[in-house]
Amino acid sequence: MQQHFHFDAIVIGSGPGGEGAAMGLVKQGARVAVIERYNNVGGGCTHWGTIPSKALRHAVSRIIEFNQNPLYSDNARTIKSSFADILNHADRVINQQTRMRQGFYDRNHCHMFSGDASFIDANTVNVRYADGTSDTLQADNIVIATGSRPYRPVNVDFNHERIYDSDTILQLSHEPQHVIIYGAGVIGCEYASIFRGLSVKVDLINTRDRLLAFLDQEMSDALSYHFWNNGVVIRHNEEFEQIEGTTDGVIVHLKSGKKVKADCLLYANGRTGNTSGLGLENIGLEADSRGLLKVNSMYQTALSHVYAVGDVIGYPSLASAAYDQGRIAAQAMIKGEANVHLIEDIPTGIYTIPEISSVGKTEQELTAMKVPYEVGRAQFKHLARAQIVGMDTGSLKILFHRETKQILGIHCFGERAAEIIHIGQAIMEQKGEGNTLEYFVNTTFNYPTMAEAYRVAALNGLNRLF
């Protein structure tokens, strides 16, 4: 028998955006319902995206570290692990994350509904359960935090047993010797690192003229060189004409006339917002061609009581930003406005091997803006900590205004880059004279540390001034 429930707010989706919104609402005293279509909370971030891919990457990087460090191994003793082996590690992390996040909802008395959500009208949502039954929920405010999914062109047979997207690759059951990755964005590059780290041949097909073009060009070039040096074959400015599944693999026919064959293919070219099936037509909302919703600065859609956060609104499509967006939407919902907003310079972390992380402007952007900047660099190979741990590939680059010494951008390539970047970000976010390169010269760092790279880079940059 169908039941009817009323809440202060309904949150559709339990990924980072949904969690941020739900926690923000209950902490302000709201009675909240959370609808999650999957069996467990956490969304795509926990189950198919950020968490599993980073867990896989970590496992592979530790294998590489062991095999390359003469302290641990020699030619007669190396570690070899299969994709299935490292998937076990990812599964353990996923289970830990799921239990932890379920605890958040339980402790804060969120009302959980496991089913598919669709709008009946602007304040009413139907929840359809796996057994075919349904309930009706009503609320004064609703948050759409349904995330995104891999884009699947209609002319690619994703039912073929050797053709995967970034969700289904976690179900890889055979041990490939050769993988084609179509799409050289963040996901494609991260999986190229993972597979190559397992000694799998990798063909990385890039539809653009360089890798990760949004990065500072030096960082992009460093990744390209590192891939090349480790045997990844990169094919730039290529598009597929046909993707042909065979009995023992996949053949990609490129528009340039070339053909590439491998054991399997990972299609990682684009994502689509999860808005189909939500019944948006029943409330007068319409997603764009990529399934994304348009919102204002408080994450309100065209309907002021319906909010949207996370991947379903597009850029920046980061788990970190999605959580903050959810918190901001919750504050706006309860108080009528939000007194916090996303920071202007959101850091990016790309978990290739080695990592890449950036915050602020690139050299190319500053040159186009005609900003008089200077560069300070530190090579990891010159840091005692990097030498001790045997991870001396990489560098830190600080861009600063040559007159005011204000930090304008920070770019890091190397192990722990995504952690290292936040030291510089903290100074960049200071107002007025607090944002200065000289902070790194005038403070004392622990020694030996990777953080010391900031002092080295700052001194290097200041020595360039005249």
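Each Cβ is built from the backbone N, Cα and C atoms, and glycine gets one as well.
Taking a C-beta cut-off of under 8 Å and a sequence gap of six or more, Gly44 (FAD binding site) has these contacts in its own chain: Gly15, Gly147, Ser148, Arg149, Asp167, Asp311. The feature FAD binding site is assigned by Swiss-Prot to Glu36, Arg37, Tyr38, Asn39, Asn40, Val41, Gly42, Gly43, Gly44, Cys45.
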Additional residues around FAD, ordered along the sequence, whose Cβ is within 8 Å of the centroid of Glu36, Arg37, Tyr38, Asn39, Asn40, Val41, Gly42, Gly43, Gly44, Cys45: Gly13, Ser14, Gly15, Thr46, His47
Cβ-Cβ distance under 8 Å to Glu36 (FAD binding site), same chain, at least six residues away: Gly13, Ser14, Gly18, Gly43, Met112, Phe113, Ser114
Secondary structure at Glu36 (FAD binding site), reduced by DSSP to three states: strand
Other CB atoms within 10 A, centred on Gly42 (FAD binding site): 25
Asn40 (FAD binding site) CB neighbourhood, other CB atoms within 10 A: 17
Neighbour count (Cβ, 10 Å) for Tyr38 (FAD binding site): 16
